[in-house]
Amino acid sequence: MNFAQLISDVLSVITISFCLFLKVPQIKSIIKLKSAKGINIYGLAMELMSYSTTATYNFINGYALLSYLEYPIIIVQEYVLIFLVLYYQDLLQRKTAIFALIYGLVFLGFLVKVLPSGVVTLILPLCTPISLSSKAVQLWEILKHMNADSVSVTSWVISALTNASRIYTVLMDSADLILLSNLTLSTIMSGSIALISYVLQNRSKARKE
């Protein structure tokens, strides 16, 4: 194993380790405040679709598990986060369950190859605008209310750092241009949300004092 590949593997392990707790600070914040104000459910849904599509694409193309293991880990946390936001925003309805069922069946179909895998390859380029849109919607929600009290800065900092580290590991593993462009832009957006949330939370604390 050469040195560059060793660095890639180490970064992969670090990235996956961080992602074990990526959404946990956000989940804890919502539970503690019993509020999901400032968090946009549509942004979370788009984020989930992006994560699910990317994980499925990596799986069906046989890429090294170490290069994308964080996605399944994040997806599980995303399920919990979406449920909490739906609950605290009184959005748990029958149509929500129907959408969840359709989502589950479609992606299961791709994973077991009942549905044509070529479709995932076709829709993967959409993950970049979807991912950016989900973050843009979240950023807009924060700026619209000028309130980031329910937003976890830690989660967004981890997101930015893990996306940045993945740029290197993807370069070493597959050099997939679609994945690289998605990761680069996601790093910028996650960093922006973290910075703005940090500034707004500090202002909020200063006013209370």
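Just so you know, glycine gets a Cβ as well, placed from its N, Cα and C.
Residues annotated as transmembrane segment in TrEMBL: 6-27 (among others).
What TrEMBL records for 39-60 (among others) is transmembrane segment.
Here TrEMBL flags 66-88 (among others) as transmembrane segment.
Per TrEMBL, the feature transmembrane segment maps to 100-124 (among others).
Annotated transmembrane segment per TrEMBL: 177-200 (among others), in sequence order. Using a Cβ-Cβ cut-off under 8 Å and counting only residues 6 or more beyond its ends in the same chain, the transmembrane segment (177-200) has close neighbours at 50, 54, 124-125, 127-128, 131-132, 135-136, 138-139, 142-143, 146-148, 151, 153, 156-157, 159-160, 163-164, 166-167, 170-171.
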**Message:** Could you check whether the transmembrane segment (66-88) packs against the transmembrane segment (39-60) - three or more CB pairs closer than 8 Å, residues at least 6 apart in sequence?
**Reply:** yes
**Residues of the parent chain within Cβ reach of the transmembrane segment (100-124), under 8 Å, 6 or more residues beyond its termini** = 48-49, 52-54, 56-57, 59-60, 178
